[in-house]
Amino acid sequence: MNYREEYKSKIRTARDAAQIVRSGDWVDFGCYQGFPSLFDEALAARRDELEDVKVRALLITKPLQIAEQDPEGEHFTYNSWHMIGYERKLCDRGLCKFIPMVFRNLPDYYRRFLSVNVAVMGVTPMDEHGYFNVSLNNSNARAVFDVADVIILEVNEKLPCVHGLENTIHISEVDMVIEGEHEALTEFPSIAAGPVEEKIASSIVGRMTDGACIQIGVGGMPDAIGKLIANSELKNLGVHSELLVNAYLDMHKAGKITNLNKRGIMRGKSVFSIAHGNQELFDWVDNNPSMCCAPINYVNGLNVIGEIENFVSINSCIAVDLFGQISAESAGTRHISGTGGQLDFLTAGFKNPDAQSFIALPSTFTDKKGVMHSNIRPIFDGGDIVTDPRSQAYIMVTEYGVENLAGSSVWERAEKLVNLAHPDFRDELIKSAEEINVWRRSNKR
Ligand SMILES: CC(=O)SCCNC(=O)CCNC(=O)[C@H](O)C(C)(C)COP(=O)(O)OP(=O)(O)OC[C@H]1O[C@@H](n2cnc3c(N)ncnc32)[C@H](O)[C@@H]1OP(=O)(O)O
Ligand SMILES: CCCC(=O)O
């Protein structure tokens, strides 16, 4: 069959396509910019006919109608693998439930353990060979397609076509296609860095050398680092990161990214799984042969990262306790984000002797009432989720310095972490360290 004819025969309205969902089903939505907004609206409109429909995705940034139209959660339950802004607020309202994960394992969770009754994903228009491109979001897309009983594509004319691995699906694999108008892609502008972020960024950049291959995440810290690198003498840098963020655009515009120091692993290519930023970033990625948008089991695979020379990963966390346990996904019991790729990069950081994995955090957090709290805590006693066990803790950075916890005894960790704390909290932390028996008599005060 001619692909265009096959395509036409599979076109349905969003309303008709949504009829396929039955009570009790698990439905997977495309993540982030692959969110199928037309299908979501049509499914939400069926609310009163359906019970116990579970929807799974991550990084949804637009109002999710199956949650917004069902504020008591009586018909739909939304589950997220990783939350940012909007989903965090949905979670606060009881309308988003977190699914714990290690990012590199996400495709395997689908292939080994999960059922998907209906998969619905936003994709680019079909090309002349009958292929659709999953565009900016390729973390687990192919794994979802591989296990889904029914595959529905929502064609989004605004999505860029991105070069990559396992990032296409052929019309012959698809059950239904939805067409329609979409809003502009959600943009994430760069965040202005404050003096704390700049101090931390300068400690990290000072430890980097020419040819470094860099992984960084979202937030003010990575943006500060990107700007500092863009204005530094560093050269010949590489990109290998689960997220491609605006910071890389700064480095690119400054001519820093060549990817030529990568030997064996995608030389000449910027490798990532999800592009997250502003329209200028999306335009840079569009049909650019220097990009490779690959599944997360590849990008965050320990053996892959372990092969990359001069690898530098920079992530942030919410708090660390005196044992060196790192919490990056909750503040007490309030869920904030997820493990994402953080543990992958800490683990892989050990595979190559010249790799460095930094966890950066401001030493304090000022709450909405203006009260300052230490992000270095004696113990986690408020329900904080441990993202990285102390056995995986590695190079910690605050505005007060840089300390490597790997291989350190409990008393050395406590001392190093006290050094990283804000001076106003150090005495209190030492007292707590004595109480929990991790302070050594000879430790300095
Ligand atoms: C997502 C990535 O970073 S990709 C890299 C690998 N993955 C990871 O590292 C995953 C875990 N890490 C993360 O998700 C992030 O780095 C974070 C959440 C630790 C920091 O991200 P940022 O965007 O800089 O966070 P930001 O400062 O905006 O804080 C996010 C929320 O947490 C709250 N928060 C942050 N620190 C604290 C704290 N110490 N105590 C209480 N709440 C806090 C903020 O108030 C904010 O809540 P709000 O949205 O209601 O205002
Ligand atoms: C989608 C999650 C990105 C990360 O935290 O690794």
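Note: Cβ is positioned from N, Cα and C throughout, glycine not excepted.
Features as listed in TrEMBL:
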type     : residues                                               : note
DOMAIN   : 3-181                                                  : domain 'Acetyl-CoA hydrolase/transferase N-terminal'
BINDING  : Gly217, Val218, Gly219, Gly220, Met221, Ile318, Gly341 : CoA binding site
ACT_SITE : Glu242                                                 : active site, 5-glutamyl coenzyme A thioester intermediate
DOMAIN   : 277-433                                                : domain 'Acetyl-CoA hydrolase/transferase C-terminal'
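Overlay of TrEMBL feature records on the structure.
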{"residue": "Gly217", "record": "CoA binding site", "Cβ neighbours (10 Å)": "22"}
{"residue": "Val218", "record": "CoA binding site", "Cβ neighbours (10 Å)": "21"}
{"residue": "Gly219", "record": "CoA binding site", "Cβ neighbours (10 Å)": "18"}
{"residue": "Gly220", "record": "CoA binding site", "Cβ neighbours (10 Å)": "19"}
{"residue": "Met221", "record": "CoA binding site", "Cβ neighbours (10 Å)": "27"}
{"residue": "Glu242", "record": "active site, 5-glutamyl coenzyme A thioester intermediate", "Cβ neighbours (10 Å)": "26"}
{"residue": "Ile318", "record": "CoA binding site", "Cβ neighbours (10 Å)": "20"}
{"residue": "Gly341", "record": "CoA binding site", "Cβ neighbours (10 Å)": "27"}
Record lists Gly217, Val218, Gly219, Gly220, Met221, Ile318, Gly341 as binding CoA; longest Cα-Cα distance in Å? 18
In which DSSP state, out of helix, strand and coil, do we find Glu242 (active site, 5-glutamyl coenzyme A thioester intermediate)? strand
Report, in whole Å, the straight Cα-to-Cα distance of Gly217 (CoA binding site) from the residue listed as 'active site, 5-glutamyl coenzyme A thioester intermediate'. 8
Restricting the binding-site residues Val218, Met221, Ile318, Gly341 to those with Cβ under 6 angstroms from ligand 2 leaves Gly341
Could you check what DSSP calls Ile318 (CoA binding site) once collapsed to helix, strand or coil? coil
DSSP output for Gly341 (CoA binding site) maps to coil
